[in-house]
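Down below is the structure, laid out as structure tokens.
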Amino acid sequence: MVYQGLDQLLPFCSLLVIAYSNSGHNDLANLIVARLQLPGAITWTNMIAYYVHNGFPNMAISIFHYMQSADISPNQNTFLSVLSACANTQDLDEGIRIHLLLSARGFDNDVAINTGLIKMYARGGEIENAMRVFRRMSTHDVVSWTAIITAHTQLGLAEEALQLYQQMERGEVQPNVFTLVSIVGALGQLMDLLQGRAIHTRLCKEELHTCSVVGTALVNMYGKCGSVDEALLAFHQIHDRDVVSWTAIINACAQNGQADVALEMYHMMLMDHVEPNIFTFSAILSTCAELKLLSEGQIVHSQIVKYGFLIGLPLANALIYMYGKCGCLLEADNVFKQMQQRDVVTWTTMMAAFLEEGDEMEVFVLLDEMKKEGIKVDDATYAVILKACAAMSLLGQGRFYHASIIDGGFSIDGIVGTALLEMYSNCGALEEACRVFDCMNDHDPSVWHSIIIAFADEGDGKKAVQLFEQMKTENVAPTSRTFVGILSGCSHAGLVREGCFYFETMRQDYGITPTQEHYGCMVDLLGRAAHLDAAEDFIEGSPLPPNGCMWSALLGACQKYGDVVRGKRAANGVIMCEPHNAAPYILLSRMYSSEGKFNEAQTLLQAMAKLGLKKKPGRTLIEVNNTCYHFLANEGLLEDKDAALDLLENLTNQAKERGYAPNTRLVLDDVSEEVKQHILSHHSERMALAFGLLNSSPGTPLRMVKNLRICLDCHNFMKHISEIIGREIVMRDLNRLHHFKDGICSCSDYL
């Protein structure tokens, strides 16, 4: 400890000093300091700077405390380093103490010190204190301006950052590259593509756009503005691309619906011998999730292990998300159970995985477990819970969580408001959905999409169109998803002319390239309206390869209008796209049966069985007194099954007196008419209906969810029953919402 060259062991010496000091051995600590025989402030300042630079801010602060106890006066560099340490730890209490100390020592007029204070307060989220320091400064150089602008940008206060930038320019202070990088970030938050391009042009003129920091900022900005092409251009102009810039372009592509390009960029990064980091892995796992590329996601999982990354919270959450979206609940659950620590994101992601697979009940089980562990729900958790309520048509539960959201002080803007709106509309409570919409301050495109879909599902296509036009008058540009909503609304309401108009408007006025989903909506629109030739021509003329949804829409229309020949072509189309889907076999066999071609129907079903495909059993859920009950055809959780069957028989007889005639052509089996009627009368939705009538208060609406499309016979039956019992029956099937009241359905029989 006294040999020459001891100054090279300063970090080690500082550890000994802190250890002795903290254990009360100040004499030994002072002995080491004395033996160093170096100028006090310089030595200790170097130690503080060393620990800050190497990522040990708490150690840096401890050394500063020792300096004070040893009466070693800090200098400007000491304060700058320890303020940086406080910023890194976000220790505001310590930062405030140091602020008071440096003011007492006359450093509060130092421009560099004040800039350090601005950064420290900003990192702790205290933007008002940062502004107070900034305003008190007698002079502002480009560094202090950049610090305060960056502070606002990092805290999401983009408009204020832009205003400060404009003030700086009016004061004739020229921005440096870091100022411009911060402004580019602010413009990205504001999605101000026009000004972003202007700054980009300026950076190009000054030949700054090719460096990694600037280029990455531009990539992020264009990504947030939705311009992937410009993000790619900015990326390819970067000379020294690093892992940060690669991750930025992967995110830009993934977040704008170009997950396939994101995956391609990831492979290019690996070929460029750039090693991914945690953020890269999180981004690419999200990409695999969106594309449902399980094998690719598993490869990324193995690469995480290969590169030696510990699977901490961020990566574990990303893995759960990927496996959940790919339908691998077992793998997602394995990652979940192996985690040493779980946060609200972990629990919410796992809930979303079960929701994705249609296991809504498990969402509520996980919610109870999460609460037992003392983890509080956030807005994303509420969004998942409300989606589970929507999927099960649990209006009572949904109202309960709505009250909890209000009591918890959560904003109903953003994802919570959208989830509330969708929950109420899915449960057939359109008035409550409208009240949520009216209470929201921020009607972004996703909110407009949800309210448009709400009316479309209710069969009120004209109101959906009216809302779409209102959205445009409020200067909200429709997105690709919004057009899916309006086309769906036109389809459900039979508004063929309007649907065709909006399809062309999307392409010509908004430059949105139709996706397979848009083409599927158009096929559905034309098919429902009996324009089967036009629907098939639309599929054949699509520039995109037809998918199962397009052919399924045509197949459904063929079944409705009895076009067996075309239905066979449509069924073959579905089978080609989705070979493991049993639905086309079932629908086509029903078409054969309806024409009395039972041999053809049986041959088709036998072919399906040989392929190992099974008919998905019909299942209906009903909420009674805030409890869910599930029913399969001819069975369910019925203690009083005999009473339920007697009630159904009585209701069927009353319905027949009012003109109801069982549509036995829908039964595939070649059996007697009596047996066919028996089969129809025991469909799962009728069993649920009987249970609901026996166990709920008279006059209250009955709410049900069916996992398949309601058959024509049950649809007709429900209309009659709603009039006979004088109660509303709300049913959501695989395709849409049906609101039965006084013998009429909201879909106007436009199934």
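The backbone N, Cα and C atoms fix where each Cβ goes, and this holds for glycine too.
Annotations in TrEMBL come from automatic prediction, not curation.
As recorded in TrEMBL, the features of this protein are as follows:
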DOMAIN    163-194  domain 'HTH cro/C1-type'
REPEAT    40-74  repeat 'PPR'
REPEAT    141-175  repeat 'PPR'
REPEAT    242-276  repeat 'PPR'
REPEAT    343-377  repeat 'PPR'
REPEAT    444-478  repeat 'PPR'
| Do any residues of this chain, six or more beyond the ends of the repeat 'PPR' (444-478), have a C-beta under 8 angstroms from a C-beta of it, and if so which? | 417-418, 421-422, 424-426, 428, 430, 433-434, 437, 484-486, 488-490, 492-495, 498, 502, 506, 510, 512, 736-737, 739, 745-748, 750
| For the domain 'HTH cro/C1-type' (163-194), sequence-distant contacts whose Cβ falls under 8 Å of one of its Cβ atoms, 6 or more beyond its ends | 140-143, 145-146, 148-150, 152-154, 156, 200, 202-203, 208, 211, 213-214, 217-218, 220-227
| request: Restricting attention to the repeat 'PPR' (444-478), give the mean pLDDT. | output: 89
| In the repeat 'PPR' (141-175), how many residues does DSSP call helix, how many strand, and how many coil? | 26 helix, 0 strand, 9 coil
